[in-house]
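Listed in TrEMBL for this protein:
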- 23-48: transmembrane segment (TRANSMEM)
- 39-289: domain 'G-protein coupled receptors family 1 profile' (DOMAIN)
- 60-80: transmembrane segment (TRANSMEM)
- 100-118: transmembrane segment (TRANSMEM)
- 139-162: transmembrane segment (TRANSMEM)
- 194-216: transmembrane segment (TRANSMEM)
- 237-256: transmembrane segment (TRANSMEM)
- 268-289: transmembrane segment (TRANSMEM)
């Protein structure tokens, strides 16, 4: 059966029939999305408002929060509607748009983490040249490429997926994913699979290797310094390391899950694992940076204190 039969809608098959429990699940997910939006907006607002935070490290943290809002907007509104719906059909164009947003978010996340690792590497290993190497022009140039390169890469990927003739419309997820659509192709996808796998390995290997290299260099630099220096470096680098570990674990879970036979898994476990990359970083990143970095934490507590006084 050709592409024309399945050109209008995809069916998201991982939604379970939870009956009346759909309403508590909807409220819980709505509160979660509200927290993601509120927490990341607070981080962005504080960094924009406070001139003392107009430094590369904090600018990159703000970019990370903007990316979290972008990725969450590509998932939660549709997911919340599906929780209350008896059918889980999504149009072809809406599905491709969701793929573009979610995968661009994931790619930008690792790109921004790479930039943050480089920023800390320069600050710790080349402190005398920090302001020269990380000037405003450099910051905005590398930030521009951190957004544009993933967007261009995903545009090419989407164009490849669009050309595939499909012989089905069931997607084994609660949101659209490119690999799930590739598996629906009528034609053999061996070449596409090999190219996609090699591309994914290269795209993942380069940034992960770069981040690991920078933090190894930072560790060696700290080892030679005094205890006070080590304390300051750990204080500024620890949130970045935590964010990197969160992203690494959740992205690995998502990648491994996409290659598994989900029908043999517990559906609840499969859904939870598939949501990790989209939900956990946007929730934890503002908490990590808001609570671990004293410069941001101070302003967060001040804002909360003002609100409590008003109420």
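Each Cβ is built from the backbone N, Cα and C atoms, and glycine gets one as well.
Those TrEMBL annotations? Automatic predictions, nothing curated.
Bear in mind that the values here come from a model prediction, so they are computed numbers and not experimental data.
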Counting Cβ pairs under 8 Å that sit 6 or more residues apart, are there three or more between the transmembrane segment (268-289) and the transmembrane segment (139-162)?
no
Cβ pairs under 8 Å only, please: of the recorded stretches 23-48, 100-118, 139-162, which one is richest in them relative to the transmembrane segment (237-256)?
100-118
Long-range environment of the transmembrane segment (139-162) - Cβ separation under 8 angstroms, sequence gap at least 6:
56, 59-60, 63, 96, 99-100, 103-104, 107-108, 111-112, 114-115, 118, 178, 181-182, 192, 203
If you average pLDDT over the domain 'G-protein coupled receptors family 1 profile' (39-289), what do you get?
86
Residues sitting near the transmembrane segment (100-118): Cβ under 8 Å, six or more positions beyond its termini, same chain?
57, 60-61, 63-64, 67-68, 70-71, 73-75, 142-143, 145-147, 149-151, 153-155, 157-158, 175-178, 203-204, 207-208, 210-211, 214-215, 240, 243-244, 247, 251, 277-278, 281
Residues of the parent chain within Cβ reach of the transmembrane segment (23-48), under 8 Å, 6 or more residues beyond its termini:
54, 58-59, 61-62, 65-66, 68-69, 72, 76, 79-80, 83-84, 279, 282-283, 285-287, 289-290, 296, 299-300, 303
